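Notes follow the structure.
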Ligand code: AMP
Ligand code: MG
């Protein structure tokens, strides 16, 4: 296996001088060297051919023992020095102090095709940042991360990627619902790939310790390597940097809203500085369209990270980042201006996203209320988001009376759709048809445009769970089936029509489907 190894992070940033792998506070350092844990019986379950290619590897490489051993942490490649990163974070609105890579170990960076990638193992053992936990990951959460990060990429949403999914052969103890019922589960390792794994919390930790020198070193490194178009770091460049992070974060979140993705734990340590979706934990996909929905059982009381609140939380998190960068900028006004821009751009961007979802190319005054009414209607009775928007594309602007026929498949309980609700839908379709008459595109052109932004296939919560249940029994075929399906989420795939279906009733309250905890 030949890789074009780079080690910019560890060569250019301050290292923790302590080499013991004991849990501790790490000061004035961006990372600690750490060796991955050897596993009992590693076995590869899946490899992403696309990521192989991105790294300059071939399928043949992925079949070697070398590949298996490196990507499960059993061998450390020559000229590489694995490390865990130090970061902090605000968790559920409170400053949590030092967190860090508690179970992620960065192996090395690879440069290929003028792109820079960091290869990281998740679940490869404890690090100085593991606090009270074991540094391991279980199969179910690893399958979820592996499939979803690749699926998000194919949806066109910025995300970290995954190269491989492997069993470790070790058993890992987990109490899924934190209710005193711990059990052994199969251990697994996912290799994750990203241009950078630096998070908002990577900067917050130094700001919280008034360590402006290390803060500046990390900000400069990030700009030089990941935002080089901004130029040589200076106060003005720090402001431009913050503005760009604001814009990337906003654009990612609008994408999440578009496809009904709920991250589940938008703590600032789970916010990528590159505006990538990162840390797939108790995430979920909207089935019924519901602004108040969250899959995360740990967040059931306040639902801080519910679907409809993601844009607000994005902004809240950016405020924390602004505070962290303040010592370098020393002016409140430009940072505040960037945050105010987020508010304004969110307002416009989300309406534009919804316009796209309903196939409006032009902008009209009445769009805002048409969209608002639609969002209200979708929540009157449980209505499948994915099926609704996909089927809406078949609506004919000259036949508004047929509207309900096109979309009725999206209703979970047709009996709940009372005559009053039917009438409200009919009225909405009338307004929609009238609005469509102001557009110049034909019905079929509109359908094509809508199908390019409304996915037909997403990783519904129960689909991932089916793959997990099979994998637990040693059958990994569904992992590949879903992986292949989700490569073309916007395409019609007649052979896969069975996945274009509402959540089955058995999955409504099943753990792993609608209820996920942080336990992983
Ligand atoms: P998360 O909410 O999953 O992003 O995790 C928050 C923090 O807990 C991060 O610092 C993780 O590295 C750490 N963490 C989560 N699970 C484990 C684990 N099993 N072992 C060690 N650290 C963990
Ligand atoms: Mg995390």
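Note that Cβ sites are derived from N, Cα and C of the backbone, with glycine treated the same way.
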Checking TrEMBL, the member of 122, 186 that binds ATP with 100, 102, 103, 134, 135, 192, 199, 279 is 122
Given the binding-site residues 103, 192, the candidate whose Cβ has the fewest other Cβ atoms within 10 Å is 103
Most isolated by CB count within 10 A, of the recorded positions 134, 269, 279, is 134
CB < 6 Å to ligand 1, subset of binding-site residues 103, 134, 192, 270, 279, seq order -> 103, 134, 270, 279
Pairwise CA distances across 100, 102, 103, 122, 134, 135, 192, 199, 279 (listed as binding ATP) top out, in Å, at 22
With residue 270 (Mg(2+) binding site) as reference and a Cα-Cα limit of 10 Å, the qualifying binding-site residues from 134, 192, 279 are 279
The correct three-state DSSP answer for residue 270 (Mg(2+) binding site) is helix
Among the recorded positions 103, 269, 270, 279, the ones with a Cβ under 6 Å from any atom of ligand 2 are 269, 270, 279
Residue 269 (active site, proton acceptor) sits from residue 279 (ATP binding site) (Cα to Cα, rounded, in Å) at a distance of 9
